[in-house]
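Visitor: Pasting a structure below so you can have a look.
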Amino acid sequence: MAVRKAESLHYSIGLLGISAGSLLLAVHFYSSLRAAPVIPSTALGILLLILSSLLAYAGIWRSLRNATLFSSLFLTISVFWCGYGVVFILRGQGVLDDTGDFRNALVPGLVTFTLALLIIAVVGFLNKEVVLAVIASAVSLASAHEVAMHYNTAFGSSAVACNYMIVCLAGGYFALGRILYFLSKEKITIPGTDLAKNKAHEQIQSTSGSMNHFAVTGLILNMLSASVFGCRLLGVTSKLFIGQVPWLWAAGIYQIGACILSYRAMDVLMATFFGFTSILKFAGGYCLLYPIWQTEEPSFPIPFLVVFSILFAVLALFLTLKSLVDGLYLLFYVAYCIALACRPKGFFEGGPQGVDVAIFVASALMTMIHLYNAKAGAKIPTGKGVVKALVASSSFLKLREGANLHTPYLGYSKYADAEVLGYACSVLASFAITVTVDTQAPLDTVVIPWVVVAGGILKLLSGSVAFARGKTLESSAFILYAVMWTIWGLTRYGGLYGTSRSFHTAVGIIAFMLFNSFIVFCTLFLSITWFFYSLTFLLIAVSFLLDAISALPAGYDIAASLIFGLVSFYCFLSALFNSTFEGSCLPMGRPLVQLSGVGGGMTKCLHLPARKASSVKRIADILKNGGTCGIPTDTVYVLVAACNRPDAVEKAHRSKRQAQERPMSLWISSLKQLEPAKHLFSPLLWDFMDAAWPSPISLVIPRGEWVDFLGMKDSAKYVGTPQSVAIRIPDCSVTTHLIDLVGPIVVTSANPTGEADTTHHNQVYAKLGDKVDAVLCDGPSPENIASTVVDCTKIDSGNIGFFRVGIIPKSQVLQILEQVQKKYSLVPNSDGCTTKGREEHLNHVHAVHNGVGTAASAERVAVQSADGGCENHTRL
């Protein structure tokens, strides 16, 4: 129900946003012939930017939940209105006063979205998404009419306004239907707005494979950037100028978003491809800004573009393993980079613009293929698996496959590994700075986009994704290098520093060198390749320092850049190979310095994601075979062993240097596991345990013969004290399911005695990774509040005590006890218990006196035993 409500609201938000924007544009075009428009251009642009952000939110949220055509529609119109809005703002601010300039600025975007929305409409009609198809086709026709209006006044603006009114009415009708469906709790359904059939189809699609549904948006963005330069070649626009920058930079920003979302979709190759193309988009926009600071068109660095084409070619080769068509599509960008390298003025010359036209057509075809295959049952052939089958027949290479292909070494992550993009950006940035620029006019050569976008923005993205995957050192290095590339790129190649600023620049570079020296030291314990990667960047930093103080030897900067670029290229290839193939075709190497303990050797404990039932089963098998494991609970992580394996209990006690005064506790999944010894418990205690669990309430009960039923034998001395034992049923489905499979378990905190509690599986791995057999990974602990520890050693006399009041308040525990006591207190006397109830308790106490006994008052020990023997009880 909650999922349906969320989907209903996000459909409504997106469609209402489209309706509102269409209404604004309809009003604008109806009043465009007036001397003073109803909505000023600047105000219209700002409103469109706000609505584009709303549509982006709706489109991303829908895509993260289920792949639908609505997501593609929302994101496409979001990009459209983002660039469209900025163009209107430029017009309102007087930058595009001339009618010809306004037309040249608008037409490339209008042409792109006319075709893109037409493709979405066609696929929508084929898949019986009538409302979506009507909206997409109407916006497409409105864009086409607007293009015609700019070239022929016979096409009036009223036709454009009419199409936008259709969009407004259709979107408003559908959104109203979804809102009524939500508010009426699914009782009112307006015809044509029922999504029940679509939901069933989407669920089938969403579980059918690992298709990247964000690829469609990325392909449309490639159409947009190609249209800007292709329209100039074909004569559709008369010049390239600042008015077209909004389309290029909007495409670049959204392309980075598509890159991030592709990592969420576990598609490393397409994410890397979108990262590469975003660099080209930002560079194209940067080049169109040249009249601001110079009169001549800027020139392009040839070495960088040649290296860029090589990276595209390598990526295309690996992408053919996924889809032959996708791999061939990337060859257009190989040709594009070569064309840019062959022409000194790059984007402004006919050769690269001709390739842009080819990219536009190819991207449109790829958009149709991806969009249709995402929804249709009968797929358009893309050569999927053709190259993969050839490689699979080879004895030299073995493809890495399986559900855990992108699972990090430690636990679980929502993102695939971004190291491929991080290394590639290092290659690009290092070769970009090999270009010699005029110190008096550094902006004459296009260097800033390659260094700042590739070495800065995308490397920062790679570092963030690495951090999300638990790679602390790698993420720190990527983020540090990203900051360094950004600052140096803007300072050195933006002409921001001169003689007076050299000292301050040098001080900053020295600070970065100190940080990098620490990273170099840490990589000694990571791998040989990472050591050389960080060490060669130190050579780059030295060249920056020498340049800042005007003491750079001739050729040193080029040599340092080439060395770092080659090392980075090896890392790029190694990351690609190791993420695609099994074995070590291009190994990263072992650590140069081996440490004893965790990480010191190549044998590390098994780590499994707790979200999978198969992982819990494997942990259960390990425990049954006498192993010890770290697992998540309803409080912090704990170290467990099976009660019926005395050797494992002793191993758990020994592995964390458990102190004798801090014994371990006992956990069960249900009272059925104590059923054979039920006669040894008083009825009141049994019913109280039944009413109190599962919960973060630990009950300290008298020790007795019932402990022998658990099969611990001599290892029972490590559990509880001679007088009492702490026992509970945790309120955690993963933990209780594991205990169902294994049986009762003994528990202790997953940290060496004297250290703080572990609240993340990485901490368990770091502290006890070499002493346990496996870790069940579930991210951060859900609670940081202590459990409530109740003294039940004298419950038969009607008294309970509290060693500690934690997450469960004292009043709630007393209320549970009161409800249980009502069963034995039908006619209460002066001491709060009926005569019948008192006789029943006394008889049972005499019967089991030798079995359970009366516990001594050992409050401190009982509390220490209650939650796994941990000395720090503020979290458990």
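Cβ from N, Cα, C; glycine included.
Not measured: the values here are computed from a predicted model.
If you look up TrEMBL, you'll see 37-57, 69-90, 102-123, 154-176, 214-235, 247-266, 273-293, 299-321, 328-348, 354-374, 503-526, 558-581 (among others) marked as transmembrane segment. The domain 'YrdC-like' feature in TrEMBL is assigned to 613-808.
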Visitor: Counting only residues 6+ away from its ends, which parts of the chain sit with a Cβ under 8 Å from the transmembrane segment (558-581)?
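Guide: Residues packing against the transmembrane segment (558-581) from afar: 268, 307, 311, 314-315, 318, 321, 397-400, 417, 419-420, 423-424, 426-427, 430-431, 433-434, 529-530, 532-533, 536-537, 539-540, 542-543, 587-588.
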Visitor: Tell me whether the transmembrane segment (102-123) sits in contact with the transmembrane segment (354-374), defined here as at least 3 Cβ pairs under 8 Å among residues 6 or more apart in sequence.
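Guide: In contact, yes.
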Visitor: Could you tell me whether the transmembrane segment (37-57) and the transmembrane segment (273-293) are in contact, taking contact to mean 3+ Cβ pairs under 8 Å with a sequence separation of 6 or more?
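Guide: They are not in contact.
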Visitor: How does the model score the domain 'YrdC-like' (613-808) in terms of mean pLDDT?
Guide: 84
Visitor: Return the stretch with the most CB pairs under 8 A relative to the transmembrane segment (354-374), choosing among 69-90, 214-235, 503-526.
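Guide: The stretch with the most contacts is 214-235.
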Visitor: Count the CB pairs under 8 A between the transmembrane segment (69-90) and each of 214-235, 247-266, 503-526, then give me the winner.
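Guide: Looking only at 214-235, 247-266, 503-526, the most contacts with the transmembrane segment (69-90) come from 247-266.
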